[in-house]
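Engineer: Below is one structure. I have some questions about it.
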Amino acid sequence: MKGYDAFNLWISRIIIWIAVLASILPLFFVLTASFSSGEAFFSENLIPKSFTIENYSHVLTSTNFPTWMKNSLILGFSVAVLQTILTALSSYAFSRLRFFGRKYGLMALLILQMFPNFMAVSAIFGILVKLDLMDHLAALILVFAGGNAFNIWLMKGYIDSLPRELDEAATVDGANSWQIFWRVILPLSLPMLAVVFLFSFIGVFSEYVLSSALLKSPENLTLAVGLQQFIKNEFAANWTQFAAAAVMASVPVVIVFSLMQRWIAGGLMAGSVKG
């Protein structure tokens, strides 16, 4: 039995290492390409013989990359904050309150998850044209802020797991629904709210379909749309500069993910100790 367990352990380790390598290799290729010259990028060598930072310098000084980064950060943080607030309120209502249409509202949210987001592009485009809100970053923020059905289901499941005795004890003390939400449910839900914030930020920061359809002015473009300019010409695609821009574009996501990951882990551990 021990030999069989050891065999399974080594097979598991091999599969894990293969998965790790499959994840790291594309990142390695992008990173090396960002430090390569245009000619070295198409050479047969996996690692370029000479490294240069010219691609980074060109992206930062000769393109609108800083503007794209600023717009993406504004879009990402604004939508993440709005979605977190709306998700917390909606999830509490669906989990704890009883009102007409609650069941059908939950079913509607579930059905919406069956359809890809790009199916709504034409409808959103038509609405924004009629409202004269095309090519406005604020309009895109409002559009993304409402698309949080998955987060509502995620947050609702977490609130459902909280003991209802807490609500009953707060009601006995004279608390109303808003006070129960603000003083009882919300503090206990902070770890899951951090997850919602993280998912919202990462999802919107790299979104392309709606951003490319609704934003046209160079000063309003986001990173996902702006980066396409490096490779949209089949015969003049600059892959090394694209790789450099992609590496710099990933920095905010890595920073936010790292900070939120530590906070989530600490919040979950603190909650388990208190429990």
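Glycine too: its Cβ is placed from the backbone N, Cα and C atoms.
Annotations for this protein, taken from TrEMBL, read as follows:
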- 14-35: transmembrane segment (TRANSMEM)
- 69-260: domain 'ABC transmembrane type-1' (DOMAIN)
- 73-94: transmembrane segment (TRANSMEM)
- 106-131: transmembrane segment (TRANSMEM)
- 137-159: transmembrane segment (TRANSMEM)
- 180-205: transmembrane segment (TRANSMEM)
- 239-260: transmembrane segment (TRANSMEM)
Engineer: Of the listed stretches 14-35, 73-94, 180-205, 239-260, which one has the most C-beta pairs under 8 A with the transmembrane segment (137-159)?
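Structural biologist: Most contacts with the transmembrane segment (137-159): 73-94.
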Engineer: Six or more residues out from either end of the transmembrane segment (14-35), which same-chain residues have a Cβ under 8 Å from its Cβ atoms?
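Structural biologist: Same-chain contacts beyond the flanks: 41, 46-48, 51-53, 55-56, 239-240, 243-244, 246-247.
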